[in-house]
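Taken from TrEMBL, the feature domain 'AWS' covers 1-24. The domain 'SET' feature in TrEMBL is assigned to 21-130. Look at TrEMBL and you will find 141-157 tagged as domain 'Post-SET'.
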Amino acid sequence: MHIECDDNCRGGAGCSNKRIQRCKVKKVKKKRVEKGFGLFADEDIQKGEYVIEYIGKIVNKDPENEYGMKYKDFHLWVDGSKKNALAKRINHSCDPNCANHMWAVKGMPRLCFFANRNIVKGEELTFSYGWTLPKKDLKRKGTVCLCGAKSCSGTIEKVEIS
């Protein structure tokens, strides 16, 4: 988990480690795509820049909806289905241009997306869902991946090694 500076930071209001608190999200647009909706950059985004936060209600278990996102290493989920949360429109890619990271901001966990590489205006924002298929479920077919990347594995899930 990453930790953002709090109000006691010696860097003051201009501290570079307060990007999430300052709500400096990038300009994005929701668009219809073949697979439903996607989120697209409405400005150029540089590698490492904070893009957007995945917002919603924090719940204790998987709400079994298509917009739930689990906090890694915690038994908490963010249910973004009821909020007007643009980040829930970020689709999967086997060659993603964004990554999601958990941050502690004033003691509260927050799921945020950052650019893995430079992203040009008009490009769809993507990240790896990071789903795994347990060895015991190898007979089950994975979810077909529609990302279209040259490195596409064909399914969203990766087989669990251990």
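Even glycines carry a Cβ here, placed using N, Cα and C.
Note on the domain 'SET' (21-130): DSSP counts are 4 helix, 49 strand, 57 coil.
Confidence over the domain 'SET' (21-130), given as mean pLDDT on the 0 to 100 scale, stands at 83.
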